[in-house]
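So the structure is just underneath, and the comments pick up after that.
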Amino acid sequence: MTNDASNGTLKHIRNFSIIAHIDHGKSTLADRIIQICGGLTERELKEQVLDTMDLERERGITIKAQSVTLDYKAEDGTVYQLNFIDTPGHVDFSYEVSRSLYACEGALLVVDAGQGVEAQSVANCYTAIEQGLEVLPVLNKMDLPQADPDKVSHEIEEIIGLEADNAPQVSAKTGLGMEGLLERLVSFIPPPKGDITKPAQALIIDSWFDNYQGVVSLVRLFDGTVKKGDKILMKSTGREWEVSDIGIFTPRQKSTGMLRAGEVGYIIAGIKDIHGAPVGDTITHAKTPQVERLPGFQKVKPQVYAGMFPISSDDYEDFRDALEKLALNDASLDYIPENSDALGFGFRVGFLGTLHMEIVQERLEREYGLDLLTTAPTVIYELAMEDGEVMYVSNPSKLPDMGSVNEIREPIVRANILVPQEYVGNVINECVVRRGVQLDMQVLGSQMQLVYELPMGEVVMDFFDRLKSISKGYASLDYSFERFDAAKLARLDVLINGDRVDALATIVHRDQAHQRGRSLVERMQEMIPRQMFDVAIQAALGGHVVARSTVKALRKNVTAKCYGGDVSRKRKLLDKQKQGKKRMKQVGKVEIPQDAFLAVLKVND
Amino acid sequence: MLSLPPLALYIHVPWCVRKCPYCDFNSHTLTDALPETAYIDALLADLDAEMANVQGRVLTSIFIGGGTPSLVSGAGYQRLLAGIRERLTLAPDIEITLEANPGTFERERFADFRRAGINRLSVGVQSFDNEALARLGRIHDAGEAVHAITTAREVGFDEVNIDLMHGLPGQTMASALADIDQALALEPSHLSWYQLTLEPNTAFYSRPPELPEEDVLADIQDAGQARLEAAGFQRYEISAWSRPGHEARHNLNYWRFGDYLGIGAGAHGKISRPGDQGLEIERRWKTRQPETYLARHHDPRGFMAGSRVLSRDEKGLEFLMNALRLSDGVPGELWRRHTGLDEARLDAHTRAPIARELMLETHARIQATPLGLLFLNDLLALCDDSVLARS
């Protein structure tokens, strides 16, 4: 095969992603494109939509990218191979998003014509532009009466700097403008560059573990070809594998025996562990180890940690098995055993962010039937010790004696917040309360862009929910880690009836300790039900009590009348009481509802 | 040789003139004339089918509950009790209780009830405050209630219980104590003084009235208790008060985990038999709907709606659910006699509550501490948990 011929093939390939905020219609648009390209019939589409919704949910949860290879016959009769790479769309997974974008030459920025641009889309869009992608703005939901294309186009130009006057106006729901969109797509997005005759060089966009096939990697080939039976080499591990299956998704998995430069598809090579095919890694042939690694590879590191404990200690083994299974498919999930005085045996689990944490907890509960108690999330602190050592602490109760610590440093993020002007005051106040430092503030269309440096510990503490509630849901947020900064931090302990409850300890700024402590004990007082005895709740800073409250004892708890004849009604009552207690954790003699362990998250309300 | 627990008989009359908004018992508003004759025939047929469960025992008490059993005539009870005497041996000092509504219509029948052999009357007064009665949906007023109890004494009932509620919507400490004082002035032998609770499947549950706050309820409980004690009444069970020697024997049998036959629509029974592993205990219940119940008289399926043999842990827990309601508990040997279980099983249930000082630590008596009586629901949950944790 000659060079020309291969480039001839490349000419008709278009690799693209869709950048969109949740609810701006990405799935519907994708389904519509698949339908137009004949990937699915109307009937199949219906099923597919359902499947995709489930899949999306699962994918959202497994944090996986996926791809679809489609044939599009343009108006001039040319048949294009469209490779649509779908990506997760949340700040927790920005690394995965960046790898997906790297595999593309272009992206559609889909914006709800009635709602305007959101911070998450902005961040992903910047990533795309930085990586040299051509970004085509698309105004979706044009069938809705509130659609305001002029305003939104203007906003896209202001905020992102993309020419949006001629942005395709579509309704993925009704199909309006879709054919025109695809024509624009093939003319606007350039074909991939690459040389089929060069040694193979492929990027792992994502990998997942399949019970039957082992690790399946979604890849983009930049140069060369990879065939079934080839010996391949993972650049990051240096290990060699034999390709047992290779092909594309249509969206169903379809073996093709080979992938060529410019194409997107999957490789299966007998890899049993997801760490053997990490996201962002480069694949080449075993015989061409000199091929360079593609730029931007990172080892994914958890940013947020929380203790997770089974409500019933009998579930510990099941919990460990479930974590093992989840980790098969989630390279970012990190866990080590943790023993809490208050909560017993569990795990300290590391996540990419709080959404990732929620997803993992939900999966553990839903798919593995576990009842778990999760403590408030915390970030990692860097400790400069007196002896010159540097250590990292991801569990407030494990903070060493402060006498041996020279300096505590907290992670700082750079946060971009987009918010309509009327709520800017609220957002600034919130950032101030959370020790934010303003770097920039700009009017962008009808919105304001605020750039802040904030301690990450403050951001993971419910900041996003808070932003939403003080902006009637309009504010959007994107952030990324910048550096560690020294700060006056200390551990705030909570004592219940005089006993320190390790799972309730938090690390706070000294200036905020009193206010946080007061707010925390008041919240806990509301959450802990009255019991047979007074429950004293104290917040203490280094042994010094800064706030206290008491849950007064119940005076009685007895069912007044018992008709001896029908015992079943009495049993029901007892069972009901037990159901209530199931959501409680016994700490000493005190029963504490699960929610109370998250009370610390709500102290800013 | 295994001895079986004492045997009592419960008879259910499922009709009421009107259903009260707090009531979750098997009671049905009477729309047509009361099918008295047919129902008594059915009750006796029901009893016939239960005869194998008597196992030679003498009947120690009979309780006719409802519903509103006072809707049935004295002649009706005459025939019913005669039918029971034909089939069973009654203890010479048997207690036979009838639940009565204090309305005028019923009051005129009290003498007939007494003549039929009923020797204890339980009058459902609930309150002597007319406003409170109206809110509770009762069809009588305070004057009728007073009159009813006086009449009961006049026609020869020595044993009279007054059912009285507290924690009523809008109730204050003063009105709660006024109810107690009025009840005491009528000199009953027994008082059931219990707190109103909102039960599922009641009108109050779906549209809850505003009840006094928890602390007010506890204050009423404390003050009422003191008032009753000062008047010579002893609290022998969570909600039951009596002059010494006038305890409700039928209820005591429940609380001591005795056996009972249950006949009538929706009636529950508990029967012990010698089994492979000591004592087998069966709970049995009858079909609930009055019409269905009547129809089953001539149906080969009979009156049964269901039954279940208790597991080992259920036996233990249900024993404790009853016995621990008694202020003085029960003698320790009752455990083995009425459950057939050994003391290791008792320990398995009671280890946690004893550690929390909710139960006495002795095998001689199975008894809650004063704290345990206040927190009986917690105590029982611990009894349940401690066996679950082990199994």
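One-based numbering along the chain as shown.
Note that Cβ sites are derived from N, Cα and C of the backbone, with glycine treated the same way.
Remember, TrEMBL labels are computer predictions, not curated facts.
Now, the feature entries from TrEMBL:
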- A:11-193: domain 'Tr-type G' (DOMAIN)
- A:Asp23, A:His24, A:Gly25, A:Lys26, A:Ser27, A:Thr28, A:Asn140, A:Lys141, A:Met142, A:Asp143: GTP binding site (BINDING)
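When secondary structure is read from DSSP and collapsed to three states, A:Asn140 (GTP binding site) falls in the strand class. Taking the Cβ of A:Gly25 (GTP binding site) as centre and 10 Å as the limit, one finds 23 other Cβ atoms among all the protein chains shown. It is A:Asn140 that, of the binding-site residues A:Ser27, A:Asn140, A:Met142, has its Cβ surrounded by the most other Cβ atoms within 10 Å.
Taken as a whole, the domain 'Tr-type G' (A:11-193) shows an average pLDDT of 83 in this prediction. Mapped onto three states, the DSSP output places A:Ser27 (GTP binding site) in helix.
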